[in-house]
Amino acid sequence: STMRERKTTDPPNSSTDLSEGKEKLRLKQEVGLISGVSLIAGTMIGSGIFMSPEWVLHHMGNPASSLLIWAACGLLAMFGALSYAELGTIIKESGGEYIYILRIFGSFPAFLFAYTSVILVRPAGLAAVCLSFAEYAVAPFYPGCSPPQVVIKCTAAACILLLTIINCLNVRLATSVMNIFTADKLLALLVIVVGGLVLLAKGQTQSFQNGFQGTTAGIGAVGVAFYQGLWSYDGWNNLNYVTEELKKPEVTLPRAVMIAIPLVTCLYLLVNVSYLAAMTPTELLSSGAVAVTWGDKVLGSWAWLISLSVALSTFGSSNGTFFSGGRVCYIAAREGHMPDILSMAHVRRLTPSPALMFTSMMSLIMIISGNFTSIVNFFSFIAWFFYGMTISGLLYLKIKKPELPRSYKVPIIIPIIVLMAAVYLVLAPIIDQPQTEILYIIAFIVSGIILYFPLVRFKCHPRFLQSITLHLQLFLEVAPTTRDAN
């Protein structure tokens, strides 16, 4: 009935423990407001805005209603992020949904989230983004034909390995990469926006005449259209994964959210308008890569710039996904829900390198074994299930624990709207168009229940694991960390 206590009693502001005569490691607070905005916007703007518009249009049936979906997705992302900002100022720990579910609901549901996120959702999402990066990166070398799958997969694997090196070397290097690539992708989107405005000024508005004609009304189709749109907004909660690495989190977290998400929403709407100004809805639906088709029509011989920009954009997005995804693994291990080695940081570089390497390894397995055509729907199904659980935790704290100190408060109606949307997004596609793949996801979550009781609840660990952990510690030069227990 009360928020779960932290497992440690580390002093809140000390980075050394003199009584033990040894220095305690903790991740540095190196993420400021600009890096925070870059982490949110840079992760959100990935492959989605260049790939999803045709699918939103396909499910909604016409341009006007598809634009409404894009606006509604932006509003929902904003509401979700504002709700998370309040949670982040109450529970000032890294880990996003995982740490909030753990502190509010306890160990068992938090383990299920960590198990699903670390082994399936995050690596699959990262692999999907890296595969789309690879498709755009190798396309210029195969004019007039599709690149071989082996080339795409090898390029995606190389992308993941490069990201692993960058993120393991230095937090500041990783955030600098994020800032540079965010600036690049904002520039690319601005080129598309300006091109669209020029086309509209010339009178190319035929796509918007009778805009609502043929709108799809099915709840399942609308839900799947939301999934496709929200995939492009995914990353709105990324800053909550690195709360302990934020400078002044109580100020930086809400401000970064209020800058990044409205900026991305406006850009997405204007980019969609630009696509529809350059193409008819039929042309847009038949385009394999909307941004490239737009470039061919509007930029002519300069169209290669769009392919390059999309490749750079998806690389920057995968860096943000990797940066935050590694933190979930690290925090879950620190709480005893993953092997101890994953909770350690490099003794000199102060990066959670074992957790990053594990995330990288799982993503590589996903790339080798899979094709991610339906990843978006299944990723969104799991994500919104746990988003809904997290938001219900915030509502519980607002109603039952109003006395808890918080520097930012969101009006209660906002998390209620997000919770209703989460319930709709989880249930609508199941009720309207049940798919067998969703049963596989549920079976995977159930398998986590079987592992939880012996490994976490009763701590039945084989003896040889301790020896392996010690050898890995020496090899990777890592040591246990302490949390910043605010």
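Any Cβ shown, glycine's included, is placed from N, Cα and C.
The region 'Disordered' feature in TrEMBL is assigned to 1-22. Annotated transmembrane segment per TrEMBL: 31-52, 64-85, 97-118, 154-174, 180-201, 256-278, 298-317, 378-397, 409-431, 437-456, in sequence order.
Sequence-remote contacts of a segment are chain residues at least 6 beyond its ends whose Cβ falls under 8 Å from one of its Cβ atoms, and for the transmembrane segment (97-118) they are 3-4, 87, 91, 237, 240, 325, 328-329, 331-332, 335, 337-338, 358-359, 362, 382, 386-387, 389-390, 393-394, 396-397, 444-445, 448-449, 451-452, 456-457. Within the chain, the transmembrane segment (409-431) has long-range Cβ neighbours (under 8 A, six or more residues past its boundaries) at 76, 79-80, 82-83, 85-86, 219-220, 222-224, 226-227, 230, 377, 380-381, 384-385, 387-388, 391-392, 394-395, 398, 438. Listed stretches 31-52, 180-201, 378-397 were compared with the transmembrane segment (437-456); the greatest number of C-beta pairs under 8 angstroms is found for 378-397. Ranked by Cβ pairs under 8 Å to the transmembrane segment (298-317), the stretches 31-52, 180-201, 256-278, 378-397 are led by 180-201. Cβ atoms under 8 Å from those of the transmembrane segment (256-278) belong to residues 33, 36-37, 39-41, 44-45, 49, 53, 63, 66-67, 70-71, 74-75, 77-78, 81-82, 84-85, 186, 189-190, 192-193, 195-197, 199-200, 204-205, 207-208, 232-233, 236, 239, 284, 290-291, 294, 297-298 of the same chain, restricted to positions at least 6 beyond its ends.
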